[in-house]
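Taken from Swiss-Prot as is:
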BINDING   93, 94, 95, 96, 97, 147, 191, 218  substrate binding site
ACT_SITE  93  active site, proton acceptor
REGION    249-255  region 'RNA binding'
REGION    273-277  region 'RNA binding'
BINDING   306, 308, 311, 337  Zn(2+) binding site
């Protein structure tokens, strides 16, 4: 993987990732949003439909694919690309967040994590080394180190111990990745909770080990938005300028804008797909809740500014009808629209950075959705 930083507008960065894959070179324009394909599918969508929304890279879930269908099935198809028939780049998370999500079902030790398989109930063990081996078999283009996602709230001592263990796990991940002679990219993950001092130690420790890119983890786990913005604004300047920066598990459209304002290049979130299935649809001026009875007879498209298949062909009344009847097509059309909304937003962001008018774009974006522009920490401190 090669990263090229092309231009900036304030702290916003316009870049390009290039991946060499068996079917040729693949380019990902950044800032980029990655749809989530937890079980080897973006729910309800074919790979061709996902690509048609403008997505250039997907996220797969190491933990879930390891449990089902397992490494052997994956290897029998070549890798995850062959299994799901997506031939562009794939980033896989390490399983750390899923382990964090299991709560009482897991036990964390220095060696790794023992937990109860949520499918079969048996005890299984996941370590930094095992995570690197699974991701190698998945053929991931971007491999994530195995870490502990520090919960919120966490005391300073808990966050410190968790971050220090994640740093040791980062080194073990790096070593096993190199032993496997994996030709792909490996990203480190900054932890440290909401404590700037710990974030600094984590970022510096990861840079010392050396990675192809750096993620900011442990955010969007329940902390107030202001806290997320503060930690993000503090952390990104600590990361190398010439490497991509990834904000994990974020988020709402305004979260993407705020991440880019603070120097982030990559995002992923289940929000556009999950919200689509629940009738929450993102449009240029906010959100349409398609289950509202006022749309029952609405003959207008979802978003007149949108060029997706759904908006070009169907009315709100039809989408309301499909949702009311529980038709699968409704969820699919909603998903197509929400994913396209996110990709259009990223394209608009990239263009604004190229034209060095990103600050103006931010003002216009918030004006459209009827919200105030959140201040940057640097502005608050003046």
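Quick reminder: no glycine exception, Cβ is built from N, Cα and C everywhere.
Non-local neighbours of the region 'RNA binding' (249-255) in the same chain are 97, 219-221, 228, 267-269, 271, 282, 341-342, 345, 365-366, 369, 371; each lies 6+ residues outside the stretch with a CB under 8 Å from one of its CB atoms. For the recorded site, residue 93 (substrate binding site), the DSSP three-state label reads strand. The average pLDDT for the region 'RNA binding' (273-277) in the predicted structure is 98. If you take the Cα of residue 218 (substrate binding site) and the Cα of residue 337 (Zn(2+) binding site), they are about 29 angstrom apart, rounded to a whole number. With a 10 A radius on its CB, residue 306 (Zn(2+) binding site) counts 19 other CB atoms from all the protein chains. Taking the centre of the Cβ atoms of 306, 308, 311, 337 as the Zn(2+) site, the nearby residues of that chain (Cβ within 8 Å, site residues left out) are 301, 302, 303, 307, 309, 310, 312, 336, 340, 341. Taking the C-alpha positions, the distance from residue 311 (Zn(2+) binding site) to residue 96 (substrate binding site) comes to 38 Å. Of 93, 94, 95, 96, all annotated as binding-site residues, the residue with the shortest Cα distance to residue 308 (Zn(2+) binding site) is 93. In this structure the C-alpha atoms belonging to residue 147 (substrate binding site) and residue 337 (Zn(2+) binding site) are separated by 34 Å. Distance noted between the C-alpha atoms of residue 93 (substrate binding site) and residue 306 (Zn(2+) binding site) is 31 Å.
In sequence order, 99, 100, 144, 145, 146, 148, 149, 166, 189, 217, 248 are the same-chain residues whose CB sits within 8 A of the CB centroid of 93, 94, 95, 96, 97, 147, 191, 218, the residues recorded for substrate being left out. Put simply, residue 191 (substrate binding site) is 37 Å from residue 306 (Zn(2+) binding site) when counted between their Cα atoms. Least packed by the Cβ count within 10 Å, out of the binding-site residues 147, 191, 311, is 311.
Ranked by how many other Cβ atoms sit within 10 Å of their Cβ, the binding-site residues 95, 218 place 95 at the bottom. Helix, strand and coil counts under DSSP for the region 'RNA binding' (273-277) come to 5 helix, 0 strand, 0 coil.
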